[in-house]
Amino acid sequence: MKITQVGMQVAGKNIFAERTPETISRTTNNAAGTPWELFHSHWIDQLLGHSYSHYNFILEVLYETLQHQRTRKAHSKTTPESNESSGDNRKVASAQQEALQNYEALRKLYHAPSSTQKLIYDFVLWCLEFIFSCFFREIRTRGAFRIPKTGPVIFVAAPHANQFVDPLILQMQIKREVGRRVSFLIAEKSYKKRVIGDLSRCQLSIPVKRAQDNLKAADGKIKMDPGDSLHILGDDNTAFRSQCQPKSLLALPHSLGVGQVGRIVDDHELYLRKPFRFSNEEARSVGEKLFARGTPFKTAPKVDQAEVYAQVFEHLARGNCLGVFSEGGSHDRPDLLPLKAGVAIMALGAMDANPGCSVCITPCGMNYFHADRFRSRAVVEFGPPIEISKETVDLYANAETSRDAVRQLLDTITKALKAVTVTCPDFETLLVVQTARRLYSHSFSAHLSPPAIVEMNRRLLHGYTTFQDNARIQKLRAAILHYNQELRSFQIPDHLVEQQHTQQRSKLHVLFRLVSVVVRVGFLGALALPGSILFLPVFVTAKVISERKRKAALAASTVKIHARDVIATWKILVGMLLAPLLYTLYSFVGAYLLRKYCASSLSLWKTVPLLYLVCACITYSALVFGDRGADLIRSIKPLRLMLVGNKGFADLQLERTLLAGEITSVINEYGPQLYADFNLRSYKDAEQLAREAKYATEDEYEEAKTQRLRRRRARRKAAKKAARPIKVGEVPILQDDSSSSGIGLSSSSSSEVESLVSDSEGEPGPGFRDSLSLVHDKIIDSNRRRAE
C-alpha cells in the first residue's frame, strides 16, 4: 500500500526530496542515505531478494521518463519547425537512444557476479568439460595467444552451428587459455526453460528479449500487392493500427517467412521496411501462394532493449567479458547470416557512456567436423582483436552519424569473422572444397592437425571463389561432384579408397588383411559390448528426443535448412540427465542381486557407489574401444571389394588418381597468385629481391655465398672434432686449466677458434659454444702433452 502511495506521487515535483521510513523512497542525489536507511535497505534486500531496491529503481526510471517526456513536449511546442526537421535524425539514432535511455538509472539494476557465483561457474564448467570430452573426440584452439588477458572484451562468435553447445565450448577454451569468465547473451525464451535456464544462470548469462519469441496470431488475413513486395493489404477484419507498430514483426504461419513493419497507412494497409525473408526456396513458393489467396498472420511488438543495453554497458565498464553470437540464432547454413547491429551498438555505447572504458572485440570462428555427430571434432579459432578508435566513438555520439559508425564497425566485424571461419555459398561448394583438400598432393592434409585443415579449407575456398568462372575450374568442380556421387554409390569414404589404392597387394595379402581386421573388430567389439549395452537406453532416447527437437526447431525457424544445429545440444542434455539416473538404477539392482545371491552381509550404501563407479568405467572403456573398432569396421567393405575383384571399385581408384593429379596441378598453378607463402616460388622471388637490394653486382652476391659455405664447412668440422672422446689418462677433461698450466693456445689454434666465432652469422647458440669449448679443451691437452 505504501509503495502504491509513493507511485502516486510520481507526478509531483519533489518526489524524492522527502525521505521517510513511511514512504520508503530515496533521492537520486543522495544514494547513500542515512545509517538507519542503509541498515534497513540491507536487511530488506536480504529478506525480499532485492525487491525493495528494484521498486526504488523502477520509480526512478519512471520519474526520469516523465521528465524526459515533459521536456520533449515543451521543446515541440516552442520550436515545431526545428522538431520536424530533426525527425529523420531521431529515427537514425533510435537504436542509440534506446541504448542510452535512462542508463544512469538502469545501470543500478546490474549485479556484479559474487565469489559464490564465480565458484559455481568454474565448477559447472569443469563438469561440462568432462562431458564434452566424451561427446567430442577432439576440441582444439587456434590463435589463442590473441585473446586479451585484461580489459573489457566482446567475443563475437560465428557461425552459430551448435545451439547451446557453442557458448559452452567457447567458455571452456577461454577459461583454459587465459583464465577469464565470459557471460553470454541468451534468448529470454531459453533462459526461462528449466534445464537450459539453470545452466545459463550458473554461467552468468544475460537474458535478451527477442521479438520472434512473442509472435501471436492476429485478426484477419493479409495479401501482398503483386506489383510491390513491400505493400501488404488486409481484409475487413485486420486492425493494423492496434495490432502492429513500426518495427514490429509480421510473420506467416508455420514459420515460412517474416518481415518488419515500416509504415502503417490504416487498419487495412501497411508497408514493410524490407521484403519478406523466407527460410528457403520451398518456403518462398508456398508463401507466395498464401499471399496470393490471403493468409492468416502473426505479429510481435517491437522489444525495448534499454535494460539489456544498460546491463551490458555496466558489465563491460567493470572490465568483464561478454560473448555474443551476432547472427541472432543458431542455424545449419554453410554461410554466415547477416550480423545484427546489436554487437556494434553494445561496444560503441559502452565506450560512449563510460569514457574511460576501452572495449576490444575478438572474433571467434566455430569450426566443426560433423557438428551433430557423436565423437566429432571442433576447432575454435581466435582472430586479431579489433580496437575501436576514438573517432568511431565520436561518430556514434553524434546523432547524425551514429548509423554510419555502427555500419562501419559491423562491416569490420563481419570481415574479421569471415577470416576465421569457412563459409560457403552452398553445400556443393563446401563439398568441392573438402574433397579438393583431401585429394591434394596425395592426401597431404591427412597428416595435418585440425587447425591446419581449417586454414587449408579457407585458402582453397578463397581460391575457388576467385577463379570459379575459369573453364578449367568449372570442369574440375563437375569431376569432383561426380567422384563424390560414386563414393556414395559404393557407400565407402574417400580415405579408404586412397588407402587400398596406395597399397597394391595380392589377393592373398588382401585376404590376410581382411581376416586380421575382422578378428580385431571382434576383439574390440567384445570389450566394448558391455558398456554399449549399459549405455544403449541413453543412445536410443537421445536419438529420439533430438530428432523430435530438430523437427520442432525446423518448423519454428525461417533460417534453418535441416535444423541439425539443435541435435548435439539435445543429445548432450539427454545424456547428462538420463545417464546418472540409469547408472543409479543399475547400481541398486546390482547391489540387491549381490546381497541376495552372493553376500548378504554387504552394506548397501557401500556397494551402490562402488557399482556406480564400475558401470561408469565400463562405459568409458566402451567409448575408447568403440572409436578404434568403428574405424576398422569402415575398412571391411573396400577390402572385400578388392578381394572379389570388383571392376567398379578399380575404376573408382583410377578416377581418384587422375582427379588427385588434376587437383594438385590446378592448386599449384593458381595458389601462388593468391598466397605469397604458398610454395618455393615465393621464397625464390623473395631471395632474388633481397639479393638485388643488398648486393650491387652478381659477383658480390656470389662471393658472399662462397663465404657462407666456408663458414658452414668450418662449423661442421668443429662439430666433428667435438664428437670425438677427449681423455687424459682415461679421465675426461671437464674444465679449462690453461690459467694454471702457464701454457696457452698455439697461434694457429687460437686463430682457428677466433675465425669460427667471428665468421658465424648472428649470435652462436649454446650448442655451438659447447663445441668450441670442447675443441678448446682438446688444444689445451695437446699443448700439455707437447710440453711434457
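Cβ coordinates are placed from backbone N, Cα and C, and glycine is handled just like the others.
According to TrEMBL, the protein has these features:
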type: REGION; residues: 71-93; note: region 'Disordered'
type: COMPBIAS; residues: 77-86; note: compositional bias 'Polar residues'
type: DOMAIN; residues: 154-369; note: domain 'Phospholipid/glycerol acyltransferase'
type: TRANSMEM; residues: 521-545; note: transmembrane segment
type: TRANSMEM; residues: 566-589; note: transmembrane segment
type: TRANSMEM; residues: 609-626; note: transmembrane segment
type: REGION; residues: 730-788; note: region 'Disordered'
type: COMPBIAS; residues: 736-759; note: compositional bias 'Low complexity'
type: COMPBIAS; residues: 775-788; note: compositional bias 'Basic and acidic residues'
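Using a Cβ-Cβ cut-off under 8 Å and counting only residues 6 or more beyond its ends in the same chain, the transmembrane segment (521-545) has close neighbours at 570-571, 574-575, 578-579, 582-583, 586, 615, 618-623, 625-626, 628-629, 632-633, 636. Cβ atoms under 8 Å from those of the transmembrane segment (566-589) belong to residues 131-132, 135, 162-165, 195-196, 330, 371-374, 534-535, 537-538, 541-543, 545-547, 549-550, 553, 607-609, 611-612, 615-616 of the same chain, restricted to positions at least 6 beyond its ends. Residues 134, 524-525, 527-532, 534-535, 583-584, 586-587, 590-591 of the same chain sit 6 or more residues outside the transmembrane segment (609-626) yet have a Cβ under 8 Å from a Cβ within it.
Per-residue pLDDT, averaged across the domain 'Phospholipid/glycerol acyltransferase' (154-369), gives 88.
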